[in-house]
């Protein structure tokens, strides 16, 4: 029963970072609006063929999306009603990030932030000029972050509309986090921003000629939209087309790996991640996803090696330490698991899942008394963490503190009353505490939820034994012989065989 904790102990979290006092939406807009411009793409006759937005990143320099200016013969920047001729300075067509030199532009440069310290759920603001008109602000949160080379691709609920491509996505201090680039309309309304770090790499990656076909950023957006819909076969089709179009792109192979995982083709996923790492051995996220795929395939030793490779590149990622701890736990290397969880908690002390994992490592290595404090720490961070309440109940029951175990199980059931395993554990705790009627009722509740659970039947049989109801024990034994002959034999030896 304890080992079940490993499979349900939590999900990946992102790194936390200290933040200064947040500004209001009005304050953010007033701070950043002077740095946001309109970008116009012109044909040879000077007629507009496309428009978008841009952000001043240095005196006389504007960053925007390459697709805004791609089809024009020239471009200009409009700022406070005045037009300024512009020329291409640096261009990374593959990532869809360009910079323009705009002599005489009086727009002040923005403050640059970063995506490394960004986390899901924080408030962000998109500022752009839809249809080339007045600047608008939309507020939302970061809904997802995807690790890429040189930054993290941002999915946000802050609305992006036509004409806003190349505008800025800002944090609550007015720092630029990325360029608002693509949106998927319809029922999804998904909005994406390119990481600000890609602006910083422009001088090193600049290519004068436009890339053929879709940009890397457009492929990423298409992939993420399909992944968000859980359209795994569509995702697989797109990622296969992506690696065909850009066979030297590590991120494309990583997307293909994720699509194969979504369709439960783990061998193919492993090969795709390995191809990504051939192209870029320093891509920590690919090592981490390779490790997770090995875990799904039950290849824990190889998962551990992949996590170590990821941590060699990026030792500051708490969730990789957490996954490493889980992998060690699954092969019963508990001391190594404990060390990995502690590393995760050194980086992020508010990582509830890592506290739960630490408790599970102690519990599974028969150190239940030491498991209690980590579980309590997890629950201090997240009082609604039902799995941690259940695990705490298991630990208390194992050291004979039945009243505390009963209370922990009840807290878990208050959060999730349909968890048959917790009802079964509660029944065992009641039985050990001599509360036989309550034990029988708890086991019956477990079997209402899952009538085919042999462990719950065993618990019920033992509860009847302690209550002195031998005929009921025999009825349970007959049921168990069909469901689990091994547990039926166990019940017979514990509750029926003469002693």
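Cβ atoms are placed via backbone N, Cα and C, with glycine included.
Since we're looking at a predicted model, the values are computed, not measured.
Here TrEMBL flags 1-22 as signal peptide. If you look up TrEMBL, you'll see 248-352 marked as domain 'Tetratricopeptide repeat protein 21A/21B C-terminal ARM'. Look at TrEMBL and you will find 250-283, 284-317, 318-351, 352-385, 386-419, 420-453, 454-487 tagged as repeat 'TPR'.
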Query = Against which stretches of its own chain does the repeat 'TPR' (454-487) lie, if we need a Cβ under 8 Å and a gap of at least six residues from its ends?
reply = 1, 420-421, 423-424, 427-428, 430-431, 434, 436-437, 439-440, 443-444, 446-447, 494-496
Ask   = Under DSSP, the repeat 'TPR' (318-351) has how many residues in helix, strand and coil?
value = 27 helix, 0 strand, 7 coil
Ask   = On the 0 to 100 scale, where does the mean pLDDT of the repeat 'TPR' (284-317) fall?
value = 96
